[in-house]
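Student: The structure's right below; bear with me while I get my questions together.
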Amino acid sequence: MARTKQTARKSTGGKAPRKQLATKAARKQAPSQVSGGVKKPHRYRPGTVALREIRRYQKSTELLIRKLPFQRLVREIAQDFKTDLRFQSSAIGALQEASEAYLVSLFEDTNLAAIHAKRVTIQPKDLQLARRLRGERS
């Protein structure tokens, strides 16, 4: 018979929790009464916010890198080739569109490399593999 993966399931029934001894109950309730019943802030489970952000950014079409920092980066890189270069705003916009499209595509390939290695976390070696498979780096 073939093996199948077991998945964890939440229990719907089972034993009721045991009653605590009076001293344990008093010890557990004492700190909460001293602090004045301050409620802890709500926290989502790990991964929930990440999945929400993934869905949000996959729906959106706006640029993710801020315009001015990207413009400064382009001008800084261009200084190495020629001083006093001028750029049309549409040229910097086109560079930014192309750069973001390239980065998104590269991270998609990097994620596939991590998944292939049976991981969910991308690592530098995944990025190196993705670039090598594309022929960008030997």
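In case you wondered, yes, glycine gets a Cβ from its N, Cα and C as well.
Per Swiss-Prot, the features are:
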| type | residues | note |
| --- | --- | --- |
| MOD_RES | Lys5 | N6-methyllysine |
| MOD_RES | Ser11 | phosphoserine |
| MOD_RES | Lys15 | N6-acetyllysine |
| MOD_RES | Lys24 | N6-acetyllysine |
| MOD_RES | Lys28 | N6,N6-dimethyllysine |
| MOD_RES | Lys28 | N6-methyllysine |
| MOD_RES | Lys28 | N6,N6,N6-trimethyllysine |
| MOD_RES | Lys39 | N6,N6,N6-trimethyllysine |
| MOD_RES | Lys39 | N6,N6-dimethyllysine |
| MOD_RES | Lys39 | N6-methyllysine |
| MOD_RES | Lys59 | N6-acetyllysine |
| MOD_RES | Lys82 | N6,N6-dimethyllysine |
| REGION | 1-49 | region 'Disordered' |
Student: Near Lys82 (N6,N6-dimethyllysine), which modified residues out of Lys5, Lys39, Lys59 have their CA within 10 Å?
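Tutor: So the list reads none.
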Student: Suppose we draw a 10 Å sphere around the Cβ of Lys5 (N6-methyllysine). How many other Cβ atoms does it contain, all chains included?
Tutor: 4
Student: How long is the line from the C-alpha of Lys39 (N6,N6,N6-trimethyllysine) to the C-alpha of Lys59 (N6-acetyllysine), rounded to the nearest angstrom?
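Tutor: With the alpha carbons as reference points, the distance is 35 Å.
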Student: If I restrict to non-local contacts, at least six residues apart, and a C-beta distance under 8 angstroms, what lies near Lys59 (N6-acetyllysine) in its own chain?
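Tutor: For Lys59 (N6-acetyllysine), no residue qualifies.
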